[in-house]
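Here's the feature list from TrEMBL:
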type	residues	note
DOMAIN	3-140	domain 'Nucleoside diphosphate kinase-like'
BINDING	K11, F59, R87, T93, R104, N114	ATP binding site
ACT_SITE	H117	active site, pros-phosphohistidine intermediate
Amino acid sequence: MAIERTLSIIKPDAVAKNAIGQIVARFEAAGLKVVAARLVQLSRAEAEGFYAVHKERPFFNDLVEFMISGPVFVQVLEGENAIAKNRELMGATNPKEAAPGTIRADFAESIDANAVHGSDAPETAAVEIAYFFAETEIHSR
Ligand code: GDP
Ligand code: MG
């Protein structure tokens with residue numbers, strides 16, 4: 001199976017709950033490695049740019065407001081099948097629909113304050129990783 005990289009964001013709600021370590025531990029336990037990481041306070045423009053694909057959606061402004069409400073922990077995860085594996089660990093977008101034991105089932109408050117972001121495909125992963133990290137800041141091991 002291919003080794004992939006994916007962008008993961010621990011969103012402001014989970015950072016505020018002091019849950020960074022608990023969430024990262026789940027990635028590591030599943031065989032994903034943190035190969036780059038940074039705590040960052042997004043500007044409005046950065047959050048709008050990151051979620052540009054959702055620009056026309058009714059929840060866009062709420063989403064941007066939420067993403068700038070506090071610092072986020074951005075990281076690159078690397079491992080076999082990393083994109084799908086991360087999405088599986090995250091659970092469904094709406095925590096009410098997220099399977100028991102998933103990150104969103106355990107840490108998310110609501111459909112917008114839903115604890116984590118994860119890239120959904122190889123193309124979006126490449127764009128999202130480059131949005132936050134230079135290749136020189138990513139350390140495969
Ligand atoms: P994801 O890939 O599972 O994060 O979900 P999407 O790419 O569909 O949506 C991006 C983010 O927008 C989600 O993680 C939510 O934080 C937010 N979002 C999605 N749908 C809704 C919605 O119906 N209402 C609100 N308020 N936020 C939403
Ligand atoms: Mg998405």
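Placed from the backbone N, Cα and C atoms, the Cβ positions cover glycine too.
Keep in mind that TrEMBL annotations are predicted by a computer and have not been checked by a curator.
A quick note: this is a predicted structure, and the numbers were derived from the prediction, not measured.
Can you walk me through where each of these features ends up in the structure?
Across the domain 'Nucleoside diphosphate kinase-like' (3-140), the prediction's mean pLDDT works out to 98.
Here F59 (ATP binding site) comes close to D112: these same-chain residues lie at least six apart in sequence, with C-beta atoms under 8 angstroms from its C-beta.
In the three-state DSSP classification, H117 (active site, pros-phosphohistidine intermediate) falls within a strand. Here the Cβ of H117 (active site, pros-phosphohistidine intermediate) has 19 other Cβ atoms within 10 Å, regardless of which shown protein chain they belong to.
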Tell me the coarse DSSP state (helix, strand, coil) of K11 (ATP binding site).
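DSSP assigns K11 (ATP binding site) to coil.
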Ligand 1: which of the binding-site residues K11, R87, R104, N114 have a Cβ closer than 6 angstroms to it?
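Passing the 6 Å Cβ check against ligand 1: N114.
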Between all pairs in K11, F59, R87, T93, R104, N114 (listed as ATP binders), what's the biggest Cα distance, rounded to the nearest Å?
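Roughly 21 Å, rounded to the nearest whole number.
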Using other CB atoms within 10 angstroms as the count, which residue among the binding-site residues T93, N114 scores least?
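Taking T93, N114 as the binding-site residues, the minimal 10 Å Cβ count falls on T93.
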Which one of these binding-site residues has the most other Cβ atoms within 10 Å of its own Cβ: K11, R87?
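Per the Cβ count, the most surrounded site is K11.
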